[in-house]
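A.B. asks: Before we start, here is the structure in question, set down as C-alpha cells.
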Amino acid sequence: MTTAEPSKTVQAAFRDTAIFDLIAQEAERQRVGLELIASENFCSAEVRAAQGSVLTNKYAEGYPGKRWYGGCEVVDEVERLAIERVKQLFGAEWANVQPHSGSSANLAVYNALLEPGDTVLGMDLAHGGHLTHGSPVNFSGLRYRVVGYKVNPETELIDMEEVRRLAHEHQPKMIIAGASAYSRIIDFAAFREIADEVGALLFADIAHIAGLIAAGLHPNALPHAHVVASTTHKTLRGPRGGVILSNDPEIGAKIDRAVFPGYQGGPLEHVIAAKAVAFGEALQPEFKDYAAQIIRNAQALAGAFQNRGYRVVSGGTDNHLFVLDLRPQGLNGTKATRRLDANDITISKSTLPYDTEKILHGGGIRIGTPAITTRGMKEADMERVADLIDRALKGEDVKAEVHAFAGSFPLP
C-alpha cells in the first residue's frame, strides 16, 4: 500500500505527524481497498467537515432551550435542525439525536421503558440479531430476561408463528424487531399485531436499514413500533452515532430523561451537526436513487456468488446485505476474513442459523454494498467484485487487481 505522498503532505501541514501519518495511511487503505462490511459506508465531505468543526469545543448538557451551560444559542439551532430533519425523514413526531451510538440508543430505550428482570423477546444473535438484542455477554442479556426467536430452518426467514408462540408463552414486556445480519424484509406490522396480542411494547432497531426506509424502499417501522432506534451511519451514510424516534410523546419524555441525565452528559454537538447534514442529504431526491442502487448491487452480487456455487442464506436479499455459507468450501468466517484481509477486501464474519461452528469464528461471511455503491459501482461491476472475492477465498493473491479496480472509483 502506497502512503508516501499523503504522508509528506500531512507532515507539512500538521505537527503531530505520528497521528496524521496514520490518518493518511487509513485514507489510502480506504482508497485502494474493497469495503464490503455491511455496517460501513463513506460519508460526504460536508458530513466530515461538520464533524471536524469548531462545534466540538462547545459543552451543551441538556436539550435545546434547557441547557446547563450558557452560550448554547448556536448549538441549540444545530440540534433543532437535526431533530426536524430526522423527524421529516421518517415521519416521526418526536426524536432524540443525542445518543453517541446505536448501542447507546438501545440502552436508553431499555432504561426508559424496562425494569431489570423484565422479559424481552428479540432475534437470536446466531440467526441475524444483534448483541444489544439480548446477547448474554451484553448489558441487554445481563440485565433482562431474554427469549430469542429464530428463523425457519427451511426458508431461513423470520418465523412469525414462532414469534407469536414465544410471545404468548413468555409474555414479554418488549418485543424487538430488527437485525444485523438478515437479508429480507422485516414485517413490522406483523410484529405489532403480536405485540398487541400480549400487551408488549414493540421496539424496532432499524440501524442497518434506516437509509432504505428513508428512501421508501423498505417498510417504515414507525407507524407500527412504539419506539424506533437507529445508527446514523450504515445505509444513512452519516457520522457514527445514534438516534431514537417515536410518535408517542410520553415515551419520548421518558427516553429524553434516560439519555440525559440518565447515562450521557454533554452531547457531541459537532457529531449532531454532521447528523443534520446527513439527514439533509437523505431528504434529497438523489438519495432514493442511491438506496435503490445499493439493493440492486446486493442482489447482483449475491447472484454472482450463487452462479459460482456459493450458498446464500435465505436464497437471496431484499436489502443491502447477504450472508454466504462457507462451510461447503471448507472455510469458516475467521479463515475467510484472513484471506480477504490479505487482499485488502474487508468483510465481516457471520454466524449462520442452526450452525454448529463456534460463534467466535462463524460459519460464513456477511457482505454489504453501501460503501461500494457510494463509490459509484453498479450491477455490472458486481461480477468483478465476486470474481476477486472468489479467487481470494481460494487462496489466490489478487491484491494488485483489487487496488487497480477499487482505485478507479473515487471516494466522496
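From the backbone N, Cα and C atoms, a Cβ is placed for every residue, glycine too.
Note that the coordinates shown come from a computational prediction; the quantities given were computed from them, not determined experimentally.
So Swiss-Prot says this about it:
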type	residues	note
BINDING	Leu125, Gly129, His130, Leu131, Glu250	(6S)-5,6,7,8-tetrahydrofolate binding site
SITE	His233	site 'Plays an important role in substrate specificity'
MOD_RES	Lys234	N6-(pyridoxal phosphate)lysine
A.B. asks: For His130 ((6S)-5,6,7,8-tetrahydrofolate binding site) and His233 (site 'Plays an important role in substrate specificity'), determine the Cα separation and express it in whole Å.
C.D. replies: 16
A.B. asks: Which number gives the other C-beta atoms within 10 angstroms of the C-beta of His130 ((6S)-5,6,7,8-tetrahydrofolate binding site), all protein chains shown included?
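C.D. replies: For His130 ((6S)-5,6,7,8-tetrahydrofolate binding site), the 10 Å Cβ neighbour count is 24.
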A.B. asks: Which residues in the same chain, at least 6 apart in sequence, have a Cβ under 8 Å from the Cβ of the residue listed as 'N6-(pyridoxal phosphate)lysine'?
C.D. replies: Ala38, Ser39, Glu40, Asn41, Ala207, His208, Ala210, Gly211, Pro370
A.B. asks: Which state, by DSSP, holds His233 (site 'Plays an important role in substrate specificity'): helix, strand or coil?
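C.D. replies: Coil, per DSSP.
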A.B. asks: Calculate the distance in Å between the alpha carbons (Cα) of Gly129 ((6S)-5,6,7,8-tetrahydrofolate binding site) and His233 (site 'Plays an important role in substrate specificity'), and round it to a whole number.
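C.D. replies: Between the alpha carbons of Gly129 ((6S)-5,6,7,8-tetrahydrofolate binding site) and His233 (site 'Plays an important role in substrate specificity') there are 18 Å.
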A.B. asks: Cα-Cα separation of His233 (site 'Plays an important role in substrate specificity') and Glu250 ((6S)-5,6,7,8-tetrahydrofolate binding site), in Å?
C.D. replies: 27
A.B. asks: Once the chains shown are all counted, how many other Cβ atoms turn up within 10 Å of the Cβ of Leu125 ((6S)-5,6,7,8-tetrahydrofolate binding site)?
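C.D. replies: Step by step: centre on the Cβ of Leu125 ((6S)-5,6,7,8-tetrahydrofolate binding site), count other Cβ atoms within 10 Å, giving 23.
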A.B. asks: Just to be sure I understand the packing, how many Cβ atoms besides its own are within 10 Å of the Cβ of Glu250 ((6S)-5,6,7,8-tetrahydrofolate binding site)?
C.D. replies: 9
A.B. asks: What does DSSP call His130 ((6S)-5,6,7,8-tetrahydrofolate binding site) in the simple three-state scheme?
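C.D. replies: His130 ((6S)-5,6,7,8-tetrahydrofolate binding site) sits in coil per DSSP, no helix or strand.
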